[in-house]
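Here's the structure we're looking at; comments come further down.
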Amino acid sequence: MALQAKKTEETNKIKTRRKRNKISRRENNWHGWLFIGPYALIFSIFILIPVILAVILSFTNFNAIQFPKFVGFLNYITILTNDAEFMKYVLPNTIIYAVVVGIGGYVLSFLLAWALCNLTKPVRTVFALILYSPSMTTGVAMTVLWKVIFSGDQSGLLNSWLMELGVITEPVIWLTDTRFLLPIVIIIGLWSSMGIGFLSMIAGILNTDASLYEAASIDGVSNRFQEMFYITIPQMKPQMLFAAVMAIVGAFQNGMITSMLVGNPSPGYASQLLVNHIEDYGFLRYEMGYAAAISVVLLLIVQFFSKGANLLLTDKDPYGKKGVEEEDE
Amino acid sequence: MNKGKKINPKKFEIGQLKIILLILPLVIFMGMPIVFIINHAFKPMEELFAFPPTFFVRRATLENFTKLMRFSNSSGIPLSRYLFNSVVVTLITVGMALLLTTMSAFALAKIKFKGRNLLTQINQIAIMFVSTAVLIPRYLVICQLGLIDNLLAHVLPLVAMPVALFLVKQFVEQVPDSLLEAAYMDGATDLDVYLKVIMPMIRPAVATASILVFQQVWTNMETSSYFFSDDSMKTLTFYMNTLVNVNNTVAGQGMSAAASLIMFLPNLILFIILQNKVMNTMASSGIK
């Protein structure tokens, strides 16, 4: 009896505490600003303000020396009507690159992540390390590596191999041949597309609730692909979304491969992507206003696709959570 | 019928062999260049220019590395100085970034306050703005703050990384609310919850984010080339890059091969250390 009384007393205590806490939960909790304050401050100074300045610059004519001159929408009009390179090379290249590397890379990294999660830990670890390693090969390492492989004379690895196999009889000058430039950049893009999104997908798949798979197999989910679509993906939507955003951003904002490999502008604009176009105007021609306008256009494109990914991959009633609750009952 | 045991199997089964064979070609394709980088760095001169070119090193030598050392010693600022700069900058930036990112992720995912949605939106949009475009405005900001040639110019622009925040926030959202409520019921403050509930549970996210931040900082050349005029304040990455670009000569080939391995290794080592956490199931930490 005494125990019972003590218990009720305790529950009452907890109840009042819960009430108090619930109130502080529901209301506008200013502690949020304490936690986000430092980040918000640095973010504002080094990201937000520069972005806003860039947007303002996009409405000006700015050569980095004289004070910017306001020109209204002139830069944007020029992009759409008067930039031959943009319409003829840059935009088509970017679209092809984004479709192949963005979508291809995303699907590939999901399938690979899923495949790896079906393997034992040691095997998975080694494979994940190898698949992720291209993402670590940036800058210097990447330049050296691919320049040697695609070297235009007989000492180039690819040339030497192809000649040995009898596919070609004389060396192909890969990095100046306009036919091969874009495919080469795409291959390198795909090669390095198992990035941080891929890692987060592995973590996401490994975190899925194992008991759901058992339940599903009783409910008639029979093969692995059904399992993948009905159990795995709905449970790891946050990671899927993260990886999707990374894939979209990577697909549209990658200019490094071109500029590292063949310089800017690329021969015949054959592998000129949007980012290279921005660099071309901003740092070679010093037309900062125009470069800023292109980057705003790029932002809008990326934003458009990310919104799409958001719509697809955020749900108000996560399947996984619901499933777990049902399981508990 | 152990269909449910397919994810993260403990033992090797024949079914796994099929998967391995299926992805093996891709794994080889992805891994080959890395093997090449490692081999290339140890090739002596005659193998670097051998015809037909070799993939694997035959007579491994440290020639390229000693040449690199000698070259940098003769150029006034020793390599160790650049290395020191890089290490200091990387450590400070990664540490600060992780602290600020996890704190904000907690706030954005689990604390209700005015402006939360707006902040989330702004952060999301910032991911999508290409960094090339903000370079010049950022330079102006850093000039205004008087941070040119200041160590902080290496650190601060990279501390707030919207991608990392987005990543960590995605994980924090998966921490069940019931767990937080239980903690609050026991009288925990927001700080307690952040330190004792959230942090232990999002270790995989923190590990992933640290890889992300580390790579950004370690391979970053922009801060060195735009915000610093004093050569002794620049980073190893910047130096290595000038080396590769300026020295496009015969002797330069060997040095850049060595440089590429030196730049690649820290990324690899960090990943090997953290991979377990990155791919770890959160099951062990309480999330089902």
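Positions of Cβ are set from backbone N, Cα and C atoms, glycine also.
The model shown is predicted, which means the values in this text are computed figures rather than measured ones.
As given in TrEMBL:
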- A:1-13: compositional bias 'Basic and acidic residues' (COMPBIAS)
- A:91-309: domain 'ABC transmembrane type-1' (DOMAIN)
- A:1-20: region 'Disordered' (REGION)
- A:32-59: transmembrane segment (TRANSMEM)
- A:95-117: transmembrane segment (TRANSMEM)
- A:129-149: transmembrane segment (TRANSMEM)
- A:180-206: transmembrane segment (TRANSMEM)
- A:241-263: transmembrane segment (TRANSMEM)
- A:283-306: transmembrane segment (TRANSMEM)
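Remote same-chain partners of the transmembrane segment (A:241-263), defined as residues 6 or more beyond its termini with a Cβ less than 8 Å from a stretch Cβ, comprise 94, 97-99, 101-103, 105-106, 109-110, 138-139, 142-143, 146-147, 150, 175-176, 181, 184-185, 188-189, 193, 195-198, 200-201, 271-276, 278-279, 298, 301-302, 305-306, 309-310, 312-314. Under the criterion of 3 or more C-beta pairs below 8 Å, with sequence separation of 6 or more, the transmembrane segment (A:283-306) and the transmembrane segment (A:95-117) do not qualify as touching, having fewer than 3 such pairs. Remote same-chain residues near the transmembrane segment (A:180-206) are listed as 93, 96-97, 100-101, 104-106, 108-110, 112-114, 116-117, 124, 128, 131-132, 134-135, 137, 142, 146, 150, 172, 174, 232, 235-236, 238-240, 242-244, 246-247, 250-251, 254, 257-258, 261-262, 266-268, 270-271, 273 (criterion: CB distance under 8 Å, separation of at least six residues from the stretch ends).
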